[in-house]
């Protein structure tokens, strides 16, 4: 009985230690198709390599939040997490699009601009 209790306690302690590992999110912003002004497309924000899993991701048009959808939270072999946030958009040369990520590892939100030339 004591051995079982010790094993359970050891397992719980090792799981709680996962929260102590913090990893800063990496961010990539790209369009699904090559951009053409006035042609509908999808803007993607891929956020990966972060831990713990609690994170806020917003897609922005000229600094204002736009309606977006998000994939289910997934994790890699190293227990870091990744998500894809995406939104329909129609690019033009006047508007600026970006992705804003807020995570416990960041002192301020990380904002990555979409570069239409990539």
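A Cβ is built for glycine as well, from the same backbone N, Cα and C atoms used for every other residue.
Given the structure is predicted, the values throughout are model-derived calculations rather than measurements.
Copied from Swiss-Prot, the annotated features are:
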- 1-20: signal peptide (SIGNAL)
- 25-112: domain 'Ig-like C1-type' (DOMAIN)
- 45-99: disulfide bond (DISULFID)
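Around the Cβ of residue 99 (disulfide bond), the number of neighbouring Cβ atoms within 10 Å comes to 26.
Across the domain 'Ig-like C1-type' (25-112), DSSP classifies residues as 0 helix, 49 strand, 39 coil. All chains included, 26 other C-beta atoms sit within 10 angstroms of the C-beta of residue 45 (disulfide bond).
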